[in-house]
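> Mind having a look at this structure? Questions to follow.
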């Protein structure tokens with residue numbers, strides 16, 4: 001090991017909690033990625049750990065090996081390593097993060113799962129709801145678990161993604177479990193509406209005051225939102241965003257509360 005920089009990076013199997021410790025050590029600024037100097041530090045530590053296991057790490061220059069490494073693991077080629085990409089590199093116990101993402105691999109599936117587990121329509125998944133989510137995930141993946149392990153996974157996910165420490169996960173926090181290319185909610189960052197702005201735009205499209213809009217009205221609303229923010233959106237993107245958001249709807253009726261969860265600045269990131 002190189003000094004005391006990352007005591008858990010020893011390439012033995014990591015528990016979920018140990019994996020989180022490694023992640024937080026290298027994601028020093030807490031932005032959800034390892035990039036730049038963080039990535040360089042991680043790679044140097046990884047090479048040092050590999051030397052300790054007898055893996056030859058002298059064959060190429062550090063720069064060459066970093067390029068090869070990023071080509072293999074940086075799946076969306078953005079020059080950053082995100083949490084699930086790191087889970088593929090480190091021998092994480094049962095690789096629970098990848099297991100999670102396989103369960104909600106697309107934004108549409110994610111929104112379906114959100115609606116199913118946000119049972120009280122609060123706009124949050126609380127610890128007990130998250131526990132049910134993870135239990136179903138593990139059953140679907142045929143992964144054996146006991147109550148203690150389920151509790152550890154629940155608490156670890158909360159520690160990873162509960163950015164404001166309130167013991168519950170908002171939609172924007174929970175969506176960080178999605179691969180970046182599937183996380184359509186990231187597309188709305190910088191376009192979040194205040195409650196007043198949201199109420200005004202919803203009222204404009206809910207012309208009959210029914211309290212809900214349909215998919216055609218949602219189409220128009222999303223186009224309007226993008227145009228006002230001078231952002232471009234393809235027909236395919238619009239279709240995907242609409243489909244994902246409509247998974248929150250009740251029989252094709254998208255109520256104010258469901259859309260507010262997606263478009264408003266709260267819950268805070």
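Just so it is clear, glycine is given a Cβ too, placed from its N, Cα and C backbone atoms.
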> Starting from the Ca(2+) 5 binding annotation in Swiss-Prot that includes 206, 208, 210, which of 197, 217 is the extra site residue?
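Among 197, 217, only 217 appears alongside 206, 208, 210 as Ca(2+) 5-binding in Swiss-Prot.
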> What count of other C-beta atoms do you get within 10 angstroms of the C-beta of residue 210 (Ca(2+) 5 binding site), across all chains shown?
11
> Given the Ca(2+) 5 site residues 206, 208, 210, 217, which other residues of that chain have a Cβ within 8 Å of the mean position of their Cβ atoms, reported in sequence order?
205, 207, 209, 211, 212, 213, 214
> I need the most crowded of these binding-site residues: 85, 162. Count other C-beta atoms within 10 angstroms of each C-beta and give me the top one.
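The most densely surrounded of these binding-site residues is 85.
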> Suppose you look only at the domain 'EF-hand 6' (230-265); what would the mean pLDDT be?
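Mean per-residue confidence for the domain 'EF-hand 6' (230-265): 82 out of 100.
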> For residue 166 (Ca(2+) 4 binding site) and residue 129 (Ca(2+) 3 binding site), determine the Cα separation and express it in whole Å.
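Distance (Cα to Cα, whole Å): 15 Å.
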